[in-house]
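Encoded as structure tokens, the structure appears first; notes follow it.
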Amino acid sequence: MTPVLRWLWVNRNYFIIFITPFIILPLPLVIPTPEARCGFAIILMALYWCTECMPLAVTALLPVILFPMMGIMESGKVCVEYLKDTNMLFIGGLLVAIAVEHWNLHKRIALSVLLIVGVRPALLMMGFMIVTAFLSMWISNTATTAMMLPISQAVLEQLSATEADSDEKELREGRDNHAFELAERIQWIVLLFNNIPITQLTKRTKYLCLFKGMSLSVCYSASIGGTATLTGTTPNLILKGQMDDIFPENNDVINFASWFGFAFPNMVLMLALSWLWLQFMYMGFNFKKTFGCGSKNEGDKDAYRVMKNEYKKLGTMSFAEGAVLVIFVILVILWFTREPGFMPGWATELFNKNGQYVTDGTVAIFMSTLFFVIPSQLNCSCLKNDKKKKLKGTPTLLNWKVVNERMPWNIVLLLGGGFALAKGSEVSGLSKWLGESLAPLKSIPPFAISLILCLLVGTFTECSSNTATTTLFLPILASMATTIGLHPLYVMLPCTISASLAFMLPVATPPNAIAFSYGNLKVVDMAKAGFILNIIGILSINLGINTWGTAMFNLGTFPSWANATNVTSTP
């Protein structure tokens, strides 16, 4: 029987792919309406996304097949949804991230900050979290985690090796060891969270706790940092696209500047609270010893030397790195000043007087195109008369081979699939039906609705892709908000950020999986730390949406653009 069960498990994806459509087929057959047919397509895609029986991007292409064949939308109209302005913003942002990674600029930035912060335990953890969060605002969370974890491991291994040497010297000379005083800070923490008796508190145990805390701090801060910018993680862009698609008259309420204005303070708050929790869990609260006010010991100096050597390996900043940094800074400035909200931006004055001609996507593509125009070095080697060497032109900052290898094209299709689903729900009338079904929620206070929905999304995203989660939930939330007379952003914005708070399981996000792969963590370690961080994140988001978020987006008033677009046409 065991081989049969094993065979069924190994081939489970085939059974899910072929059996699932027949299980839910009665829905459109018993209820032959456009809403039921669209519901069939959405349920099928949701199940495929959650089980990942097919690649997520392939599942995202199903509307191109199902919507025309079920009479929901014409094929041409469905396909148009797969490449919109939000996709261009995503591609432009990723091209910048690829250029930063290609020339190792992110590693130079990371090591520069860490050298300033120092190597004391609390400061070291804080430094790694700040650097990881900052880099995740601009490049992928996965790439940031993959770069930062080896650096953190190398520093901690040096601290551990130095203390081991110091212990041997202590035995020989009979002196106390002050290389890395950690026992007092973690004794009862270890008892509480790791069930290890005080008598078994060895040096290895102490450093194992520190390794765990540092690994978790890096992967968690990567996920938290991605929420701060519009291009930081895919769910943020899905919200932008859904808002523009469902509410086309929203006056560009979500752009790079407005998102940053709300999400960055929230990110800082979550990061600080996460640091406190991980500090408490793995290092204790003896701040005097943890921050280490006073002279540096040999362990600190050796660990600092490790980072200093890594920085020296990078050499002096090259022309290519400088050019990428300049383009990156100019791009961010243009994003912030395009339409800052409190004053007319450069795009409003020059191009957008009669409509939204220039968007964040326009700026992203324009600046990222420069990577294929500007040379990677300034030299005159091509003018030297060397007959033995074949003349070659100077390569540009980026070439298409590098881009093609690193660009996650599957996310472009995922974004398009989400926009197609939202449009199909609107055209078929499913969005309106769902909104009317959720009308009883009007009797619940808005803050309670937001909190409950964030908890729901936060739980769902632990076992599903954050992209799939936001794609499925946002159209429903938009319909619910317009039906009960609530500002759509009041529920859509916090739920979008909540979709990125998957801290409990190794499979929840790529950063979690990378940290888990180092072998220092157990699933229970991640679950214990992640559960509290999920609660902290959701409470922080709801604090933000009910304070500065309400002031920024005028969330206390139901907007006219939401009421005007609440119109559904039936095929």
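Each residue, glycine too, has its Cβ placed from N, Cα and C.
Counting residues 6+ beyond its ends, the transmembrane segment (12-31) has Cβ neighbours under 8 Å at 37, 39-40, 43-44, 47-48, 51, 53-54, 70 in the same chain. Residues or ranges marked as transmembrane segment by TrEMBL: 12-31 (among others).
Taken from TrEMBL, the feature transmembrane segment covers 38-67 (among others). Residues of the same chain lying 6 or more positions beyond the ends of the transmembrane segment (38-67) and with a Cβ under 8 Å from any Cβ of it are 12-14, 16-17, 20-21, 24-25, 27-28, 73, 75, 78-79, 81-82, 409-411, 413-414, 416-418, 420-421, 424-425, 428-430, 463-465, 467-468, 471-472.
TrEMBL lists 87-105 (among others) with the feature transmembrane segment.
Annotation comment: TrEMBL describes 112-139 (among others) as transmembrane segment.
Tertiary proximity for the transmembrane segment (256-278) is limited to same-chain residues at least six positions away from its ends with a CB under 8 Å from its CB atoms, namely 125-126, 129-130, 133, 213, 216-217, 220-221, 224-225, 227-231, 236, 240, 335-341, 360, 493, 497, 529, 532-533, 536-537, 540-541, 543-544, 548-549, 552-553. Positions annotated as transmembrane segment by TrEMBL: 256-278 (among others).
Look at TrEMBL and you will find 314-337 (among others) tagged as transmembrane segment. Within its own chain, the transmembrane segment (314-337) has Cβ neighbours under 8 Å at 96, 99-100, 103-105, 107-108, 111, 138, 256-257, 260, 345-346, 360, 363-364, 367-368, 370-371, 374, 376-378, 397, counting only residues six or more beyond its boundaries.
Summarising the annotation, TrEMBL assigns transmembrane segment to 357-380 (among others). Within its own chain, the transmembrane segment (357-380) has Cβ neighbours under 8 Å at 85-89, 91-93, 95-96, 99, 230-231, 252, 255-256, 318-320, 323-324, 327, 330-331, 334-335, 338, 347, 350-351, 394-400, counting only residues six or more beyond its boundaries.
Sequence-distant contacts of the transmembrane segment (407-424) (same chain, at least 6 residues past either end, Cβ-Cβ under 8 Å): 38, 41-42, 45, 55-57, 59-64, 67, 72-73, 77-78, 81-84, 86-87, 90-91, 94-95, 98, 140, 234, 237-238, 241-242, 245-246, 430-431, 467-468, 470-472, 474-475. Sequence annotations record features per position, and here TrEMBL assigns transmembrane segment to 407-424 (among others).
Distant neighbours of the transmembrane segment (444-460): 469-470, 473, 477, 486, 490-491, 494-495, 498-499, 501-502, 534, 537-538, 541-542, 545-546; these residues of the same chain sit at least 6 beyond its ends, with a Cβ under 8 Å from one of its Cβ atoms. Annotation comment: TrEMBL describes 444-460 (among others) as transmembrane segment.
The annotation transmembrane segment is assigned in TrEMBL to 472-491 (among others).
The transmembrane segment annotation in TrEMBL covers 497-519 (among others).
What TrEMBL records for 531-551 (among others) is transmembrane segment.
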(request) For the transmembrane segment (472-491), find every same-chain residue at least 6 residues outside the stretch whose CB is under 8 Å from a CB in it, and list them. (result) 42, 46, 49, 238-239, 242-243, 246-247, 253-254, 418, 421-422, 425-426, 431-432, 434-436, 438-439, 441-442, 446, 449-450, 453, 457, 460, 499, 545, 549, 553-559, 562-563, 566
(message) So if I exclude everything within five residues of the ends of the transmembrane segment (112-139), which remaining residues of that chain have a CB under 8 angstroms from its CBs? That is, six or more out.
(response) 93, 96-97, 100-101, 106, 145, 147-148, 151-152, 155, 159, 180, 182, 210, 213-214, 217-218, 220-226, 228-229, 231-233, 267, 271, 274-275, 278-279, 283, 287, 290-292, 300, 303-304, 307-308, 311, 328
